[in-house]
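To start, the structure itself, in structure tokens.
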């Protein structure tokens, strides 16, 4: 029989008395009444805030969105398969936040900031609230620096400035994502941090985009936020705000940032699904009444900050998918009214072989003109007008049997201008190359080149300038002005390439 020494017992009792903690922790808890379709109804949680994070017994997190008299409507940010009627819910006292920092660059994360690229955890110590207030009027500055996309048609006719919101709108499969990826690739030596937010897309599509960025070295300055089609609606709804928060961190550090929301149509659909399941009253096209606010508070976070705030900027390129080119539907008109212009992509132009398929007539940039570089502004002034007139004449000439010489000349030049603006995917052009191409077309220096050889001329001119006139390229890239000497050099180069092409054709 084991003998128990009294001093051992007293020592144990003393230790337990010393270790006794008399502090009482108060936790705000509730009970699940009903769960299904990504929504939980919870009784209790008396002190919960709107938008507060809550935690269920099985570890699933949710956001309290509907605060009603006798219950709280919570959207689940996970499968929630382990949640049952009667299980407890705990309020965390926190609003959703996301980790931020330089360690995010080159990574693929979900809308909660959790790495999903298999490269381990993120080594970040800072975080930002997913919902942050937009900069005020005094904290902003007017847009005055260019955000070069590398796409000649956009940089010449629909220029985008740093801090601008430019909508990319068009039907499915018209090259909306391609324009945005090209813009990211073009920031390689511009010291711009890019954030690509994929909302409700196929995981294969996101993997493909990520691979393209990695192959071309663009992932080093890019963060990918992915809420795939298989994710709960709550995560698809949160994804754009997460992307904005990650970009805001760099913006307030004084850096230029570019955020792409691909696409906000799917975010609006996820928000509609959540709202209908929460039994909020439906409005036009069954969207809730605050879907405009959902997008406006997101896009207002894009800004060009004042000198006192560090001169940083966030440029937003939201994408909207239309049905059969209908830009007068609810979500497209909402986002058009919030943004500072739109690039409209047409499926008819795309199918006719014009890539990028930009409809110049209804595309516009409302603030980017102030940010356009002088070199291209000087020569591209008439480009948009000439193309718009060409479209009208082309439609008219289908019914006219004989055309006068001036009209034929205008049609002939319009065809060549349109060919010049064709550009393969993943091949953005530098400013000097864009200036050279647009100059050749607008000044009528390639009117003798056959239309079918204009694309070849564009390629050969760029190669000729790189190999024979590198001083022209460096001058334009540094000074960003087309001086009389540079113009003379350019004219000589164009004449040389044209004569070589015509001689080889003969």
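Every residue gets a Cβ built from N, Cα and C, even glycine.
Feature annotation from Swiss-Prot assigns ATP binding site to 170, 171, 172, 173, 174, 175, 176, 177; the stated evidence is sequence analysis. Reduced to three states, the DSSP call for residue 173 (ATP binding site) is coil. Residue 173 (ATP binding site) counts 12 other C-beta atoms within 10 Å of its own C-beta, drawing on all protein chains shown.
Taken from Swiss-Prot, the feature site 'Required for activity' applies to 363, supported by sequence analysis. Its Cβ placed at the centre, residue 363 (site 'Required for activity') has 22 other Cβ atoms within 10 Å.
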Original post:
Which residues does residue 176 (ATP binding site) neighbour through Cβ under 8 Å, counting only same-chain ones at least six apart?
Top reply: 168, 169, 170, 262, 263, 319, 321, 345
**OP:** Please report how many Å separate the Cα atom of residue 363 (site 'Required for activity') from that of residue 177 (ATP binding site), as a whole number.
**Re:** 17
Original post:
Among the binding-site residues listed here, 170, 175, whose Cβ has the fewest other Cβ atoms inside 10 Å?
Top reply: 175
Original post:
Counting every protein chain present, what is the number of Cβ atoms, excluding its own, within 10 Å of the Cβ of residue 172 (ATP binding site)?
Top reply: 11
Subject >> Neighbour count (Cβ, 10 Å) for residue 177 (ATP binding site) >> reply: 20
Subject >> Env. residues of ATP site, Cβ within 8 Å of mean position of 170, 171, 172, 173, 174, 175, 176, 177 Cβ >> reply: 321, 345, 347, 350, 357
